[in-house]
Structures are given as structure tokens and as C-alpha cells.
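Chemist: I have a structure here, written as C-alpha cells, and I will follow up with some questions on it.
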């Protein structure tokens, strides 16, 4: 590996589409969700910091970094919590290079499994471990609720993304490749049968996205009316800043994943062209609008209601799409 390859790898990991890109996009996504929510609720939302308030999330993050951490229990392990949250951020940064966004695109057979583990499983697992490192009664209750939701939402999300990967690459040497799927999934939308399968998967993914973001109606783990801030109750200062950043990065990468794996990324335009970039931006903004809209038109479910709705509107469509996929491929 020569110097230029090392420089390209470092640039892709640290700048674009790596940490700096995801950091900025995550804060901008938070701004969009807050601004859309404010419009639904007849409020102004972020308005003063930066043009149209676009820098307000960054200012909130910066203020939390400068606040002193409050440790309320002698059993708290602040350094462990910080390390786990930084590990989650590193996993997301490492996984993003598997998406065909930048010049460097790492791909191989079965890389979808690696991508999902690093971009979806590890971040939420690190949040759970960080919460358990700062124990408290509200934290324990919030973590238990979070794990209950994850037992349904993560399998639904995994399967919903697995289906287009399988349909697009099962005859290819790069089977279950994220990059290969993003280039071929647009052809599946042109076939009526596979388009129906992808539509069912997209519905299930949209429901699970709302749960992964912990937005209403699935904001069970952090229901302020019942358990204060849930699993984030003992977080403050830099620890709260890292937890919020990891949460926003998780949502951002999840939406980007849907854009590339299910919606074909820049399709019908070519990769890294002006039309392709604009198409990716459009698809991303539409998904953010859908997430923010659902967040504001639904109230919060009780835990048993949330689990039932996830099974009904997430589990059933994805199960039907799995059956149809197997019938389409093998019969």
C-alpha cells in the first residue's frame, strides 16, 4: 500500500464519507427534525444561531462539552461510559466506507453482515453499556425498555435490508454486497413482483427506523412523563453530548443505508455525478421528512402497545416479503 492509498483511506475515514461528514450531517439532520417538528407544533424552532438557526445543534453539542460532568453515584463508571460511546462512534465511522458514497468503496462478499453489525448493532449496544455504566433506577428501567423494543425492531430492520441485498446479489460472486446492491436494486423496482417485495420491506424499515430513533410513538425508553430521560437520566455534560451525537449518527447512517440499499442511492443517475448527488439528497430529505412527520402525528404508545404495533406493521410485512422473495428466487 503506497502513500496515496494510505492518504485516500485516511481521508475517507476521517473526512468524507467518514467522521467529519457524518458528524455534520447528523447535526444537520437533528436541525431538520427539530425545525419540521416546530412547524407541526406552530413554533419557531431553531432560529438564531447561524443562518435560519442551522448551527443550533452544533452550539448545543458544544455547550454540553463545556459543562462539568455530574456523577451522582459512587458506582458510576464515567470513563467506561465515555469509552463505550466513543467505540460506538468509531464503529459507525468505520462502517460508512462500505456504502458507495465516496471515492473509496470497500466491498466484498457478505459485507452486508459486517456493515449491519458495525453500523446498527454496535452503536445501540454501546449506548446500553454506557447507560449501565452510570447506574440508577430510571436508567435501569429505560435500558430494560430499550432492550425490549430492540428484540423486535432490530430483526425487522435487519431483514428489511437483507431482502434487497439478497434479491440483487444472490446470483453474483459478491453475494450480499452493499455496494453491488445499491447499483442493482433500481432494476428490482422496475419489476412488478420484486417492486411489491421491496415496498413491503420499505414499510417495515420505516416502522423500525422510528423505533431505532426512539421517536414517538416508540419513545418508550426515554418517556419523560414516566422515567425522566430513561437510559440517559444519569448522563450530563460531555457524556450526554457523546450519547446524543451517537444517537443522531445512528439515525443518520440508518437513513443513508435505506437510501442506498433500498432506494438505489443516486439511481437513475450515475455515482458521483451532479444528478446522482442531487438524487441522494432528495431521497434523504424525503426520508427525514417522513420520520419527522410520524414523530409529530402520533402519541406515545405503552410498552405492550409498541411491541404489538412493531409486530403488526413491521414484522408481518417483512415476513410476507421474505416468503415472496423465497418463492420468487427458488420456485
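Note that Cβ sites are derived from N, Cα and C of the backbone, with glycine treated the same way.
Here the structure is a predicted model, which means the values were calculated and not measured.
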Chemist: Need the matching range: TrEMBL marks transmembrane segment on one of 80-106, 215-241, and I'd like to know which.
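Modeler: Residues 80-106 are the ones TrEMBL records as transmembrane segment.
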Chemist: Among 6-33, 34-61, indicate the range for which TrEMBL gives the feature transmembrane segment.
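Modeler: Among 6-33, 34-61, the range TrEMBL annotates as transmembrane segment is 6-33.
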Chemist: In TrEMBL, one of 146-169, 242-265 is tagged transmembrane segment. Which stretch would that be?
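Modeler: Going through 146-169, 242-265 one by one, TrEMBL flags 146-169 as transmembrane segment.
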Chemist: With the transmembrane segment (146-169) as the reference, find which of 6-33, 275-298, 310-330 contributes the most Cβ pairs under 8 Å.
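Modeler: Counting Cβ pairs under 8 Å, the winner is 310-330.
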Chemist: Most CB pairs under 8 Å with the transmembrane segment (310-330): which of 6-33, 80-106, 189-209, 275-298?
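Modeler: Looking at each of 6-33, 80-106, 189-209, 275-298 in turn, the most contacts to the transmembrane segment (310-330) are made by 189-209.
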Chemist: Can you tell me which of 6-33, 80-106, 112-134 gets the most C-beta pairs within less than 8 Å of the transmembrane segment (275-298)?
Modeler: 6-33
Chemist: Six or more residues beyond either end and a Cβ under 8 Å away: which residues meet both conditions relative to the transmembrane segment (112-134)?
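Modeler: Sequence-distant neighbours of the transmembrane segment (112-134): 71, 73, 76-78, 80-82, 84-85, 87-89, 91-92, 94-96, 98-99, 142-143, 146-147, 150, 154, 157-158, 161-162, 165, 176-178, 181, 212, 231-232, 234-235, 239, 243, 246-247, 249-250, 253-254, 257, 261.
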